[in-house]
Amino acid sequence: MSQLILGIESSCDETGVALVRAGEGGAVPVLLAHALHSQIDMHQAYGGVVPELASRDHIRRVLPLTREVLRESGERLEDVDVVAYTRGPGLAGALLVGAGVACALGAALDKPVLGVHHLEGHLLSPFLSSDPPEFPFVALLVSGGHTQLMRVEGVGRYEILGETIDDAAGEAFDKSAKLMGLGYPGGPALSRLAEQGSATAFKLPRPLLHSGDLDFSFAGLKTAVLTQAKKLGDELTARKADLAASTEAAIVEVLVKKTLAALQKTGLQRVVVAGGVGANRHLRAQLNAACARAKVRVHYPELHLCTDNGAMIAMAAAMRLQAGQQQPNRDYAFDVKPRWPLDAITLAA
């Protein structure tokens, strides 16, 4: 018997709602509809996310988005079987909005609820694409707050092979963009500008590139960009595109080479890239070329699903339920986990 799952995402500065139908057996759940509201315009004036404003905007948006998804799918709210929501990690106030709405809906409808790990949502989001991956695979999870390489044997079976010891790749993009005065959100702005510059104009470090392990470090690169920007002084405006291109090339080279090293270490022949930085064109181009040479398949989420969204939360819930690894409940006294490592939900071998 199939299940209709409503997913709500509110961990940071996007409000997302989606409906997924999960069938019996191993069939990939089907996305029926999703709606998303980004708060970028609201936070631009502040140069970054203001948590209190983010929480208030989630309150305004989540129910209208739910109605939009129901209209688009042709489904009725009372036919929803499970209400899933992002339990963490993320901004505490923002998480509480999504959790509160999900549990209120569950209580009103007498339907069970399920808290989902935000990073697992990203990790499983490529299953929403027209070319879903198969287990096992190496996953590169790369976003503003996280950079990790994992061996993924199945839903809930994650082995962390390496992770950042300081800044995440997305943070390196954003902070470097801020140093160049590119505004918010910095990462996409830096990547657009990089298309006009030379990736070899400046010699920037590739931290831990030859460390022999699969960990990452981007703090030193960020410092090098700051030093270079100060050295340029008045020339920065004229050389900004070159500095952006050189910065992007340094970050991407590390991500690609570490991913290839993870493939070599595990012997796997499939890569999944997930998280907001997975939308970066240069990363996709370089990783595609490297994987083609290595005869390895690479999978990404659809571009519009690289950002935070409700579809990935509904999908993660559906896949957990299908695998019989987690059961929804009617305990509506919810809690959230602003800090929640992915290995905390990994099943024992």
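FYI, residue positions are counted from 1 along the chain as it appears here.
In case you wondered, yes, glycine gets a Cβ from its N, Cα and C as well.
Of the residues Asp13, Asp234, Asp242, Asp308, Swiss-Prot places Asp308 in the same Fe cation site as His118, His122. The binding-site residues in question are Asp174, Asp308, and the one with the fewest Cβ neighbours inside 10 Å is Asp174. According to DSSP, Asp174 (substrate binding site) is assigned to a helical segment. Each residue contributes its Cα atom, and for Asp174 (substrate binding site) and His118 (Fe cation binding site) those atoms are 20 Å apart. Apart from His118, His122, Asp308, the Fe cation site neighbourhood in this chain, defined by C-beta within 8 angstroms of the site C-beta centre, holds Glu9, Ser11, Thr86, Leu119, Gly121, Ser143, Gly275, Asn309, Met312, Ile313.
According to DSSP, Asp308 (Fe cation binding site) sits in a coil region rather than a helix or strand.
For Gly187 (substrate binding site), the nearest of the binding-site residues by C-alpha distance turns out to be Asp308; the candidates were His118, His122, Asp308.
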